[in-house]
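Each remark here refers to the structure printed beneath this line.
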Amino acid sequence: MMHRPPPHEDFALRETKPHLGGGKVSGDKLTSTYDLVEQMQYLYVRVVKAKELPAKDVTGSLDPYVEVKLGNYKGTTRHFDKKSNPEWNQVFAFSKDRLQASMLEIIVKDKDFMKDDFVGRVQFELNEVPKRVPPDSPLAPQWYRLEDRNGNKVRGEVMLAVWMGTQADEAFPEAWHSDAATVSGTDALANIRSKVYLSPKLWYLRVNVIEAQDLQPSDKGRYPEVYVKAKLGNQVLRTRVSQSRSINPMWNEDLMFVAAEPFEEPLILTVEDRVAPNKDEMLGHCAIQLQSVDRRLDHKPVNTKWHNLERYIIVEGEQKKKDTKFASRIHMRICLEGGYHVLDESTHYSSDLRPTAKQLWKSSIGILELGILSAQGLLPMKTKDGRGTTDAYCVAKYGQKWIRTRTIIDSFMPRWNEQYTWEVFDPCTVITIGVFDNCHLHGGEKNGPARDSKIGKVRIRLSTLETDRVYTHSYPLLVLHPNGVKKMGEIHLAVRFTCSSLLNMMHMYSHPLLPKMHYIHPLTVSQLDSLRHQATLIVSMRLSRAEPPLRKEVVEYMLDVGSHMWSMRRSKANFFRIMGVLSGLIAVGKWFDQICHWKNPITTVLIHILFIILVIYPELILPTIFLYLFMIGVWYYRWRPRHPPHMDTRLSHADSAHPDELDEEFDTFPTSRPTDIVRMRYDRLRSIAGRIQTVVGDLATQGERLQSLLSWRDPRATALFVIFCLVAAIVLYVTPFQVVALLTGFYVLRHPRFRHKLPSVPLNFFRRLPARTDCML
């Protein structure tokens, strides 16, 4: 194996030993509900309602609100106009680490334009507050009589519940937090709370345009050049011009779109005649609602349908439908493809591989648990009141589920301690965790639309994790800038992958990576690129409409949009990945050359003896090879990786890239160069080189997968392969070599009738092996 220098110390992964779950540990597995995070104690105050509040003016009513005060921290409820029996039902959470007083005050006040009038208060000694730990039922609120400033009872009561709890409390996500006391406004408060989002359900829409009949072009004396234009939302595709230049043209061409549930926009098709180089005439139009479109789960074709084409005329500058007794028609086959997986991520680190149709889903094989503990050493991302500050939050994406932690205000060492779970349907998937700076607080849009700044992200491949083991590591947050790679801080994570059925998970390594429709009716590379671009646009648009929104720049960074663009740095990295894969073969070639040239006579004599034995006894060749591979796998088990992979700056050549190369990488597309000729050539070069870069990266991935067979990077795959080598060594030892060779030849030369389009089991196993792609920056 090629020796690689260790990464820069600041960019290395560090194993940590946090105090998880309050120290409730049972062996290597923890036992409490929030067992992958450190317990954070909070003082919770639930203000439910008040009654019989005294009037403060001649109208006989008041505008009440409640102020919860603890030391220098002060939180307020909303106020009601002219209401003596208000209901708030708001929760306030004060971090125990920042408690500055021993007395909690809940003060009822009257909202006055000139001043806030004191109505009454209730006080609690903190050492008398009860503790509550879920799954205990919520603490029942009680009525408390109000007191004046001297401690005398006054008219009016308030219903309260006060308790000490942790972040596992169900009131935690929607509570007002003391560390966000500087944030004001309903919208700003909504932007700092933790939320769970779901990606929209995406479908591939296949429109097979077959033919049209009885078209009516305006110029009867020429052969029409007819094509069909289809539009779905902002996606527009066209067929080629029909070769049969007549009023009954034929195409038989497929157009592929991405559609998202709920289907809000119809599919609009227009038949147009190209009457001049820049002039098209519409011959007909129809709109199809996607709710009525057939849904296909396999490769069986759906029924075709004829659709009438409507025509429009311009009357007094307005477009109106033309009444016709005889309508043109178009013949199409339209279906929603449920057997494909709609790719919105790169296939190298996809988090979901299931088909769209839920009927085709298999049962889950395990649970992924992620504890987002804290971050350290974050750099200031913006300036407030003349000093640098950072309002950090995390986003994690796996499958269709996105999570967003709460925003920690003005802290370079935020502590989230939030835990989330996902169902796992395939171990060969990747979870992505990103850290961002919230720029939508404190009036962040005064100088134009604010964008949340990226701080860094981490990718973890599940197949590289041992089951039922808790991984606690501090990951460096690395971002590439035009002036080089920069460490933005570290994020502290706890990860556990729990397997519900080891046999089912091992069986997954023999399945195709993607649903079978990708192999029976494969899509072209250009189609997949275009469809992935449309899918990311739809996902970012839908998530940006949530409340609080998961903004477009965040979604695009998590989905790695733009990673396919040309980069000299990436091309160099992929080239050296290939060299790393080939270095073993080169070393064997050099060693064999030394054998041939008798550099070491004793070794050469031993090789001659071994060669004579294998020629006399050819049945020992394959058992020896498999036994040798088995022994290598067992030998390497002692040095198997004990830490998950992370971003590698040396592998990515991010720490040695030339500034001019980085300037080219961060250049816009199309380029911002001033000269038109340079722009044309530059764009053409980058487009071609981007495809070459992808091919080179794929070659490197295949070679690295071959290396990972015995590296124990994926412990299950290596275990399967090692066991297979041992069984193969035994079987091939007891089976005559001539029989094995004969069966192998018959299998390779088998008739096409005995072949099928799905990949073979060895190929499926090989495609599921991990590569160094996850470590690429």
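Here the Cβ of each residue, glycine as well, is placed from N, Cα and C on the backbone.
Since this is a predicted model, take the numbers as computed values, not measurements.
Per TrEMBL, compositional bias 'Basic and acidic residues' is recorded for 1-18.
The feature region 'Disordered' is assigned by TrEMBL to 1-26.
Marked as domain 'C2' by TrEMBL: 24-144 (among others).
The domain 'C2' annotation in TrEMBL covers 183-307 (among others).
Taking DSSP states H, G and I as helix and E and B as strand, the domain 'C2' (349-475) has 7 helix, 63 strand, 57 coil. Under the heading domain 'C2', TrEMBL lists 349-475 (among others).
The feature transmembrane segment is assigned by TrEMBL to 575-592 (among others).
Feature annotation from TrEMBL assigns transmembrane segment to 604-637 (among others).
The transmembrane segment annotation in TrEMBL covers 719-749 (among others).
When the domain 'C2' (24-144) is classified with DSSP, helix, strand and coil residues number 6 helix, 55 strand, 60 coil.
In this chain, the domain 'C2' (349-475) touches the domain 'C2' (183-307); three or more CB pairs sit within less than 8 A of each other, excluding pairs fewer than 6 residues apart.
Through the fold, the transmembrane segment (719-749) approaches residues 506, 509, 618-619, 621-623, 626-627, 629-630, 633-634, 709-710, 765 of its own chain, all at least 6 residues removed from its boundaries and within a Cβ separation under 8 Å.
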